[in-house]
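The active site, schiff-base intermediate with substrate annotation in TrEMBL covers SER72. The active site, proton donor feature in TrEMBL is assigned to CYS86. The feature active site, proton acceptor is assigned by TrEMBL to SER245, HIS259. What TrEMBL records for PHE17, GLU71, PHE239, GLU263 is substrate binding site. The feature pyruvic acid (Ser) is assigned by TrEMBL to SER72.
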Amino acid sequence: MAETEIISNSESNDQFFEGVEKLIEIWFTPAKNADLRKITRQQWENVLKIVRCEIISFTQSEQVDAYVLSESSMFVSRRRWILKTCGTTTPLRCVRAVLALAQDVAGHSCVHNVFYSRREFARPEVQLKPHDNFDSEVKLLDSFFGDGRAYIMGPEKDCWYLYTLLPLEGTVAAVEKEQQEAESGRGEPDQTIEILMSDLDPQVMDIFTREHSHDAAYATKESGIDKILPGMVIDDFLFDPCGYSMNGVAKDGCYMTIHITPERACSYVSFESNVPVSSYDEVIARVLAAFRPAKFVLTIFATPDSPAADAYRQLRKYRSLSAYEEQEAQYCRFSGYELQYALYCKFPS
């Protein structure tokens, strides 16, 4: 995390950093010889200057390039681009540049789908435009992609915002999109789980400080992050004096990414992965055991042909969630995707 992002409260002597990330994911329609990985590192660095962050390290598998950034992560594959940034970064300001590079360098001229999401900021008033409010974000996204759909799920302080081009199932737009998918054969199994955690165990958060851990590898092993999804090639970074980011990639194109803001006044951890499993119970159990949050938002996106398609039906049976109370749950069926949102708080001990 960049020093300029840290806000000091002189009255309480607390330091604040906005750990909540803005997440944008753009899928392009398959095209012959088109590949987003043709975009060079220098070109990505120029894009990220618009966002107000920079590349720290890089790793890759046969199917995905993964970048650890000064504020979170970026993933690039043949036709999918993911950017996840925290602090007061401005990821939506770079979309125009990314679309231009996708067409001019990578050979992708048609956007297939878009997902933009984030949890409510701890301090929305310090965000830069257009991220100071969701309406402004939606307006800018619509200027790029036309008529998208915007959703707000959950209670005010713990709500989760989503913008997508996907129509809700049963609408005329959904029928048209499904017909296009059937004719083009462009769909493929896809799934994403996010666990967005706050009010974390201070002892766990201490691991992600330079005072406790001498390097990122030590913090990764000490916390148990290396055991959450075994077999991933891990690229991790421990910030000074505190903070942690990691990407993990597998040969089959799966990824995971974790970002940690350990300051006690604003502790926050995010976990995300596209690992294809029929049950997320073990994954959730490992994440919660590693970080011990008092509260978290869980979202699961899955296509009907994904192994995770039935995950939303199983959540209340998961043993990993038995120590938590489900305070809110919402389900949406989009054209080609199903989404589960849930808010959990730890039962009083």
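In case you wondered, yes, glycine gets a Cβ from its N, Cα and C as well.
Curation plays no part in TrEMBL annotations; they are all automatic predictions.
Of all the active-site residues in the list SER72, CYS86, SER245, HIS259, the shortest Cα-Cα distance to PHE17 (substrate binding site) is found for CYS86. Cβ crowding, taken as the number of other Cβ atoms within 10 Å, peaks at GLU71 among the binding-site residues GLU71, GLU263. Nearest to HIS259 (active site, proton acceptor) in space, judged by Cα atoms and limited to the recorded positions GLU71, SER72, CYS86, is SER72. For the substrate site listed in the record, the two most distant Cα atoms among PHE17, GLU71, PHE239, GLU263 lie 15 Å apart. Packing around HIS259 (active site, proton acceptor) is summarised by its Cβ count: 26 other Cβ atoms lie within 10 angstroms of its Cβ, all protein chains included. When the CA atoms are compared, the recorded positions lying within 10 A of the residue listed as 'active site, schiff-base intermediate with substrate' are CYS86, SER245, out of the candidates CYS86, PHE239, SER245, GLU263. For the pair GLU71 (substrate binding site) and the residue listed as 'active site, proton donor', the Cα-Cα distance reads 5 Å. Residue environment of the residue listed as 'active site, proton donor' contains 27 other Cβ atoms, counted within 10 Å of its Cβ in all protein chains. Distance noted between the C-alpha atoms of the residue listed as 'active site, proton donor' and PHE239 (substrate binding site) is 14 Å.
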